[in-house]
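Some features that TrEMBL has for this protein:
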- 22-43: compositional bias 'Polar residues' (COMPBIAS)
- 22-45: region 'Disordered' (REGION)
- C102, C194, C330: [4Fe-4S] cluster binding site (BINDING)
- H132, H222, T292, S359, S360, N361, S421: (2E)-4-hydroxy-3-methylbut-2-enyl diphosphate binding site (BINDING)
- H132, H222, S359, S360, N361, S421: isopentenyl diphosphate binding site (BINDING)
- H132, H222, S359, S360, N361, S421: dimethylallyl diphosphate binding site (BINDING)
- E224: active site, proton donor (ACT_SITE)
Amino acid sequence: MLVEHGSIRGNSSQAKRLSLLDKQQASAHMSPSDNAPLQNSLTGKIDPQTGMYRHGFGLNAEVEHVIENDYRSPVIDYLRQNDFRATVEGLEILLAREFGFCYGVDKAVDYAYQTRRMFPDRRIFLTAEIIHNPGVNQRLREMGIEFLSGRYRSSVTYEDLTPQDIVILPAFGAAVEEIERLRARGCTIVDTTCGSVIHVWKRVEKYARDGFTAVIHGKYRHEETIATSSRVAQFPNGRYVIVRDKDEAQLLCDFITGTCSAEVVRERLGHAASPNFDPARDLVRVGIANQTTMLSSESLEIAEMLRRAMAARYGEAALNEHFRSFDTICSATQDRQDAMHALGELKPQLILVVGGFNSSNTSHLVEIAAEYCPAYHIESVADILSAETLRHKHWAKPEAEVAHGWLPPLPTRIGFTGGASTPDRAIGDVILRVLELYGLTWSPAQK
């Protein structure tokens with residue numbers, strides 16, 4: 001996810017990157033002086049169109065040192081400064097050139113810290129996980145920020161909220177009806193929605209206004225896709241259908257070209273479509289959009305599949321009346337996927353991808369990595385159980401599993417990267433753990 005705001009840039013060519021702080025450092029954060037009420041320093045302004053705070057509170061400098069202490073990694077700093085590689089005796093360490101916190105995540109984390117700093121004595125809630133990283137979400141809980149849904153959900157419900165409460169919308173955004181519930185409670189709303197996500201929203205809203213059904217490449221239960229589809233549903237004749245992959249997109253293509261029945265489409269995709277979805281009515285004019293964290297190459301392929309189907313049905317001359325596709329590919333997602341391909345071409349014997357198991361963009365990175373060598377998706381250093389066993393999640397399976405014999409013998413070359421919600425420290429800690437398993441210490445020789 002990519003946005004123009006935020007105090008800490010995630011792009012490796014521009015930015016400071018962050019990683020999880022260990023327990024000792026975490027317990028020292030947000031001291032009383034950090035949380036002291038601010039006097040005459042509020043510069044945040046409510047967005048007149050949404051009634052929400054969308055650009056922080058002007059407290060970047062006040063929270064920057066706290067965020068750096070929480071998420072920075074000297075190991076990652078070194079690798080960034082030394083061509084993203086290092087050699088420690090027989091281990092060659094390769095780091096992807098684009099990895100970790102993207103602009104959108106950077107902004108969301110920064111705004112959450114600013115919000116805690118701005119309102120030290122108020123109850124603060126997140127509607128859901130701010131990003132898909134367990135370490136970051138746990139850190140926010142330690143700061144006294146509670147969650148209204150998901151695995152970190154507190155006992156507080158929407159009905160318990162008052163006008164004195166502060167509610168943060170996560171980087172994925174929130175559904176229209178969810179925001180309306182918060183407005184009805186009179187809460188102060190801080191919106192950290194990624195700019196790339198908002199770009200997609202504007203696109204699908206235009207589709208709905210113009211009478212086009214939004215075909216959304218995404219996961220229908222993902223927070224971002226739920227929020228995106230809700231933007232369509234707010235229009236009286238807004239229609240959408242969500243496809244997870246090319247196989248599901250092919251169903252739409254087959255219906256459009258007359259080789260699949262409406263009943264089959266409804267049976268397979270009705271759960272991921274607007275109410276009363278009617279393929280005969282709703283697939284006459286379609287516009288393509290995507291969840292920003294999906295595999296970008298697949299999003300482009302799906303768009304081309306549907307373009308060809310519409311051209312076959314209505315002819316090239318009438319295509320503009322029946323098909324629209326605009327670039328909603330997130331550049332940060334694209335950069336990380338391109339960097340993973342580049343890392344694979346360096347021929348490592350193993351790639352470790354660090355990120356939340358529920359992180360869509362991380363799962364796609366490991367899917368790419370697996371094209372080149374054995375690749376494992378781990379949430380944190382805690383998943384490295386021993387030199388023999390590793391807890392990981394296969395990109396195509398729903399549950400984590402344990403791999404055996406995962407660590408290659410020295411000499412070897414191992415690649416590392418992290419999803420767009422992964423702090424630097426999480427990746428750096430994994431590198432240090434791998435060194436430990438080899439009986440080595442961090443004393444790199446530049447290569």
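Just so it is clear, glycine is given a Cβ too, placed from its N, Cα and C backbone atoms.
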DSSP three-state assignment for N361 ((2E)-4-hydroxy-3-methylbut-2-enyl diphosphate binding site): helix
Cα-proximity to S421 ((2E)-4-hydroxy-3-methylbut-2-enyl diphosphate binding site), 10 Å cut-off, over recorded positions C102, C194, E224, C330: C102
Largest tally of Cβ atoms lying within 10 Å of a Cβ, found at which of the binding-site residues C102, C194, C330: C102
Spatial neighbours of H222 ((2E)-4-hydroxy-3-methylbut-2-enyl diphosphate binding site) that are distant in sequence (at least 6 apart) but have CB under 8 A: F172, Q291, T293, S360
Distance from C330 ([4Fe-4S] cluster binding site) back to T292 ((2E)-4-hydroxy-3-methylbut-2-enyl diphosphate binding site), taken between C-alpha atoms, in Å: 5
Any further residue of that chain within 8 Å (Cβ to the Cβ centroid of H132, H222, S359, S360, N361, S421) of the recorded dimethylallyl diphosphate site: I131, T293, G355, G356, N358, T362, S363, G419, A420
Distant-in-sequence Cβ neighbours of H132 ((2E)-4-hydroxy-3-methylbut-2-enyl diphosphate binding site), under 8 Å, six or more positions away: G355, G356, N358, S359, S360, T362, G419, S421
